[in-house]
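First up is the structure itself, then whatever we jot down about it.
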Amino acid sequence: MKTLKSAAHITYNRTAELSQNVANIINTVRQNGDKALWEFGKKFDGCDTPNLRITPTQIENAYKQVSSETVEQLQFAAKQIKFYAQQQMNCLKELEVPSNVHGVTLGHKLITVKSCGAYVPGGRYPLPSTALMLSIPAKIAGVDRIVAVSPANKKYGGIHPAVLVAMDIGGVDEIYCTGGAQAIAALTYGTDSIVPVDMIVGPGNKFVTEAKRQVLGEVGIDSLAGPSEVMIVADGTAKPEYAAIDLLAQSEHDANARAILITTDEVYAQKVQDKLLDFVKQLPTGETAYKSWLDNGTILIAADDAEMIAAANEMAPEHLEVHTKNSLEFSKNLNNYGSLFIGEYTPVAFGDYCSGTNHTLPTMRTARYSNGLYVGTFIKTSFYQHITAEGCQNLSAPCMHLAEVEGLMAHKQSVAERLK
């Protein structure tokens, strides 16, 4: 495979210094609780919020600070996300079956976690869509207590009003104005204000991701998210302007985002580069997008469709767009991706906001073995068995023999006692 443009360097790295800084933050929150959250909020977010928990009055005021159209479109997006989440929920079934050994019944139950924390990033721009993507599947799954956290926005002196509105529409039960590694620590270990949760979901910067890594085991997590990624596979029939703007749409997230184009047509690839430069000049986020493209952008020229497919499956991108003549047929051979966008009228932006699929997705090649956030993220599949006296007799010989092979004689005796 020929490389037309390679990434200058990957700007996202986990370091020992990062790990230590995050560990210090977590320990400080464990020791000092709410006081630590207030101090870190002033230090990192530049805001001195008197109360961590958002009140109903603050939520009411948030609705007054955003346009009616924003509320309407958030409600539309919520409706789409709810529809898809409910269809996924309908696919999850409990199981109880008689075994092929008489007297043995096997099954599994679907048990929803009791509580979860939803981390909604702050950063340069508000992300109300993420509030919907995290809270709605949890609600559909039946989580009893959904706790949302997000850092303060300097302009508003608290959580951005659009994010608060989205949290309310999504049905969260508690909202706290805190972010970063300190918020992850608070959700895990609790403070005077925040009762700990059973699991934490949601993306964040490298500090949030490292914090989730360090608390894993104390709580469950959805994934360890890295910078946003998009890959576009295209042939010469595709429109270069579509690929160009879609590459930039991910690149504008931040300077660490990764955008990759794989095509069988080098002339098309050059047209995409030209269009990309044209769009950069027009975008208010052009500076960030272009830096990301220069540092992390890649263009590869494949010999044929098979080579494009093999490369896509190997790289396992977060978002994968297919711009080929027979996109539906082509897509049948793609197996490793967070979310798939088939055809030229299916940009990632629809999945990010309002098609209904979730935008909380695996990154950094973890799509090889994991999936995005969905209702099943919040549901345990817990196994059970019921064995009668007849079943005990029928299973005893193999069980006792294997226990003896492994040298676990109490295991063997636990069966033997029941045969007396």
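Backbone N, Cα and C atoms are what each Cβ position is placed from, and that goes for glycine too.
Source: prediction; values computed, not measured.
TrEMBL lists Y119, Q182, N205 with the feature NAD(+) binding site. For S228, Q250, H253, H319, D352, E406, H411, the entry in TrEMBL reads substrate binding site. Residues or ranges marked as Zn(2+) binding site in TrEMBL: Q250, H253, D352, H411. According to TrEMBL, the feature active site, proton acceptor maps to E318, H319.
Here the features listed in TrEMBL are placed on the structure.
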residue : record                       : DSSP class
Y119    : NAD(+) binding site          : strand
Q182    : NAD(+) binding site          : helix
N205    : NAD(+) binding site          : coil
S228    : substrate binding site       : coil
H253    : substrate binding site       : coil
E318    : active site, proton acceptor : coil
D352    : substrate binding site       : helix
E406    : substrate binding site       : coil
H411    : substrate binding site       : helix
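Around Q182 (NAD(+) binding site), a 10 Å sphere centred on its CB holds 28 further CB atoms from the protein chains shown.
Neighbour count (other Cβ atoms within 10 Å of the Cβ, all protein chains): 22 for D352 (substrate binding site). Of all the binding-site residues listed (N205, S228, Q250), N205 has the fewest other CB atoms within 10 A of its CB. In this structure, the CA atom of H319 (substrate binding site) is 18 Å away from the CA atom of N205 (NAD(+) binding site). For E318 (active site, proton acceptor), the same-chain residues that are 6 or more apart in sequence and have a Cβ closer than 8 Å to its Cβ are S228, E229, V230, Y337, G338, S339, L361, P362, T363, A367. The two recorded residues E406 (substrate binding site) and Q182 (NAD(+) binding site) have their Cα atoms spaced 45 Å from each other. Within the set of binding-site residues Q250, H253, D352, the entry lying nearest in space to N205 (NAD(+) binding site) is H253 (CA atoms).
Taking CA atoms as the reference points, Q182 (NAD(+) binding site) and H411 (substrate binding site) are 45 Å apart.
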